[in-house]
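A.B. asks: Residues or ranges marked as active site, proton donor/acceptor by TrEMBL: Cys91, Cys202. Marked as substrate binding site by TrEMBL: Asp28, Ser29, Tyr60, Gly61, Asn92, Thr93, Thr203, His204.
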Amino acid sequence: MSEKLLPKQFINLSSVISRSNSPIGIFDSGIGGLTVVKQFLACLPEEKIVYFGDTARVPYGSKSKATVIKFALQNLRFLLQFDPKLIVVACNTISALALPLLRKETSLPVIGVLEPAVAKALEITRNQRIGIIGTIATIRSKAYFHLIYRRRREISFFARACPLFVVLVEENWLKGKIVEDICHYYLKELKKNKVDTLILGCTHYPLLKKIIRKEMGRKVSLVDSAEEVVRMSKEILKERKLLVSRTKPAGHHFFFSDEVPNFRKISRQFLGRDFKAKIIQVDQNV
C-alpha cells in the first residue's frame, strides 16, 4: 500500500516510514525555540525544519502541570501531521513536565533540552556552583536539580524563576534600562552565591544573553542547550541513517497559533533570513 493510501493516523505515528528527507519537527510555547532553530540552520543546514510556536497560549511557565501536558500533546500531534523523522521539544517547561508522556505518544525519537544543558554545565563548571534560571513551572519541578544530583552530588545548586523574561522576549523587548533593572532583580542572588556557571533554563532566555552576561560578568559561563541539542540530534539521525540525502537548500515552515508582530524582522535578526509565519489553530480536542 502506498504512503498516500495509508490512514492519516498511521502516517503520523509511525517512525517506520520516516525517510531521510522528512523534516525535523520543533515546537515551543512561543518564539523562544527559534534559538534552537538557529543552531540547526548553522550546523545542519540541509535539514528541513517544521516549527510550531504556541503564541496564543504563551507563557507555559505559569500554568499547571496538567495544562502544560495537555498543550504539549496537542502541539506534538500537530507536528506529527508532517511525518517528521525527529521531534525536538524546544521548551524547558515542557521538557521538565511532559517529556516522558510525549515519548509514549510516538515511536519517533523525542529530544528535550534539559539533559543536554545539564551535561554541558557539569562539564564546564570550575567551582562546582551552578545556577539555573527558568520559568516558575520549570524551577518548581526541580527537574534540573534531580538531573544534576543524580550525576554529581557535590554540586551546589541555586535556582531562580524569571517569569518576566519570557514576556520581554515575546514582545521583542530585549534592551533598555527597564530590561536591565528586571535582569538585576532576578540575578542578584545568584551573583551573591558566586555561581560560575548559569544554565539558561528557557529557550527564550538566550535572546537576552547580552544583558544577562553584562549582569553576571564575563567570568560566569552561560549554558544555552541549543548547541548540545543539535549535536545529540545529529548523532541520533546518523545512527538511524536518517541524515538528509538532498543537496539542494531545504525549505522550512514556521507555524504559530497567534500573530507574531514583526516576525520577519525577528527571523532576520535571530535566524539571519527572512521567513514567513503561518497562523494556524491547533486542534484542542486531541
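For all residues, glycine too, the Cβ spot is worked out from N, Cα and C.
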A.B. asks: Which are the residues of the chain, Asp28, Ser29, Tyr60, Gly61, Asn92, Thr93, Thr203, His204 excluded, whose CB is within 8 A of where the CB atoms of the substrate site average out, their centroid?
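C.D. replies: Sorted by sequence, the hits are Gly30, Gly32, Gly33, Val58, Pro59, Cys91, Ile94, Thr135, Thr138, Val166, Cys202.
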A.B. asks: Can you tell me the CA-to-CA distance separating Tyr60 (substrate binding site) and Cys202 (active site, proton donor/acceptor), as a whole number of Å?
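C.D. replies: Their Cα atoms are separated by 11 Å.
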A.B. asks: Considering each pair of residues in Asp28, Ser29, Tyr60, Gly61, Asn92, Thr93, Thr203, His204, all listed as binding substrate, report the largest CA to CA distance in Å, no decimals.
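C.D. replies: 12 Å is the greatest Cα spacing among the residues binding substrate.
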A.B. asks: Measuring Cα to Cα, how far is Asp28 (substrate binding site) from Cys202 (active site, proton donor/acceptor) in Å?
C.D. replies: 10
A.B. asks: Just jot down the residues in the same chain as Cys91 (active site, proton donor/acceptor), at least 6 apart in sequence, with C-beta under 8 A of its C-beta; none if empty.
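C.D. replies: Correct list: Phe27, Asp28, Ser29, Gly32, Gly33, Tyr60, Ala72, Val113, Cys202, Thr203.
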A.B. asks: In sequence order, which same-chain residues at least six apart have a C-beta under 8 angstroms from His204 (substrate binding site)?
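C.D. replies: Spatial neighbours, sequence-distant, of His204 (substrate binding site): Gly30, Ile31, Gly32, Thr35, Phe165, Val166, Val169, Glu170.
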A.B. asks: Within 10 Å of the Cβ of Asp28 (substrate binding site), how many other Cβ atoms can you find? Include all protein chains, please.
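C.D. replies: Step by step: centre on the Cβ of Asp28 (substrate binding site), count other Cβ atoms within 10 Å, giving 30.
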A.B. asks: By a simple count of other Cβ atoms within 10 Å, which of Ser29, Tyr60, Asn92, the binding-site residues in the record, is least packed?
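C.D. replies: If we count Cβ atoms within 10 Å for the binding-site residues Ser29, Tyr60, Asn92, the smallest count is at Tyr60.
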